[in-house]
Amino acid sequence: MNAKDVISRLPDEVLGRILSLISTKEAVSTSVLSKRWKNMFVLVSNLDIDDRQSVPKTKQNRIEIHRNYMAFVDKLLDTQRGSSIKKLTLKSHVGVRGGTDSSRIQSWICNVLDHGVMDLDVFITLKGKSPPVPAMIFKSKTLVKLRVGRGFTIKLSQDVSLPLLRTLCLDSVNFVGGHNVVGTLISRCPVLEELVVEERRCVDWTCSVSSPSLKRLHIRFDRKFTSISLDAPNLIYYKHSGYVLGKYPNVKLDSLIEARLNLRMDETRMVGVRNGSLGSIPADMRNLINGIRNVRILHLSSHTLELLYFSCKEMPLFDSLVSLSIGNDKARGWQMLPLLIKNSPNLETLIFMGLDHYITNRCGDVCVCYDTDESITSCLSSSQVKVLEILSYQGTTRELNQMKHFLEKLPCLELVKICVVNNSNNLQTTMEMRNLMMLPRASSKCKIQVKVLTKNN
């Protein structure tokens, strides 16, 4: 008995699971093997249909690929009638203008909803008029995970209800029916645990996210939005990127463990604020910062750190903060860093993605941009930081002076981890490492670890 016969004699349920481990296209192709395999692929409950496997070279190719793609989906879903579909991933990236029949997309979605689908991922790059998401998608009693993008229109009916939905991702969709469509949708998801909203289309948009079950939240705005309020008492992970909003009226994230803020504003306006030609930034971040004050792990991009300086004159006490990482950008300053370190009495780990930053006399005593009065007690001297990590270390004189400042001022340091970028000059790299090892240290327990990375890494 050969290996093929052994596999063919396995129970249908086992064969269905095996076929679920390969791509849907490959699973369908097994139907030509023998009569035994002719309709075996209908046992596959996880369908993954993606046109990226075919790379179009010309417009004609794109049109043909798109037609074949739609015909394949039609045929596949037609053969699945009566079968269980647990997961459908439907992706098309060809983006032929006028080539996608929105009614067919809607029929595909309705088809799998009728099959009791639990995990639905529809990501189709559309050109032209945005088709609406079928209303029944927001009334599903079986959906546990839902991702919709890109270019669809969402309009909610009064009877929206997703009782089992735990993960929701909305990527570049159009919202119709008021400013707080997202908030309304979330309120109809009683067990929602993870929410991702990436919005690049709407302008003058406001949102209020209130959910006692939400644990993870990622929001990204690439346009100028108005405001967002957040009330998620059990949220443990929060990521906020894109444009900073004008207002954060209410932010309550009392259980937060980790936060990542990567916010920016128009560069022209930022330059004006920095040089004094503009009075202030059109954003009030005070409620946002107060709302995350219980966080334990905080990641701030260099843009965010500078925005905080121009938006917040005061900083709350971060009693629970144990790890802080700062982004790297030579065009952004560290003006807010002294106050942030001072107001983090239990900070143990301080991470810099790089030491390059905008030279200013407002960085206080945390850096060596300008000579500081030695009689002034540094915020570093009272810090409890035990681990200092520096990434992308280039070994410049300015960086070496900054490292000297850190080592002389941080009294509780136990470990310094430095990632040196190798410039292909082994002798220079060796000298950089030697210079680092010879620096004086305020802490007798301080050890320095140096890791050398080549630029290819």
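Numbering starts at 1 and runs along the chain as it is shown here.
Cβ atoms are placed via backbone N, Cα and C, with glycine included.
If you check Swiss-Prot, you get these features:
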- 4-50: domain 'F-box' (DOMAIN)
- 265-288: repeat 'LRR 1' (REPEAT)
- 292-315: repeat 'LRR 2' (REPEAT)
- 318-343: repeat 'LRR 3' (REPEAT)
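Here the repeat 'LRR 2' (292-315) has long-range neighbours at 238, 244, 251, 253-265, 270, 273-274, 280-281, 283-286, 321-329, 331-337, 339-340, 343, 357-358, 362, meaning same-chain residues at least 6 beyond its ends whose C-beta is under 8 angstroms from one of its own. Remark: secondary structure over the repeat 'LRR 2' (292-315) totals 10 helix, 4 strand, 10 coil, with classes taken from DSSP. The DSSP breakdown of the repeat 'LRR 3' (318-343), given as helix, strand and coil counts, is 6 helix, 5 strand, 15 coil.
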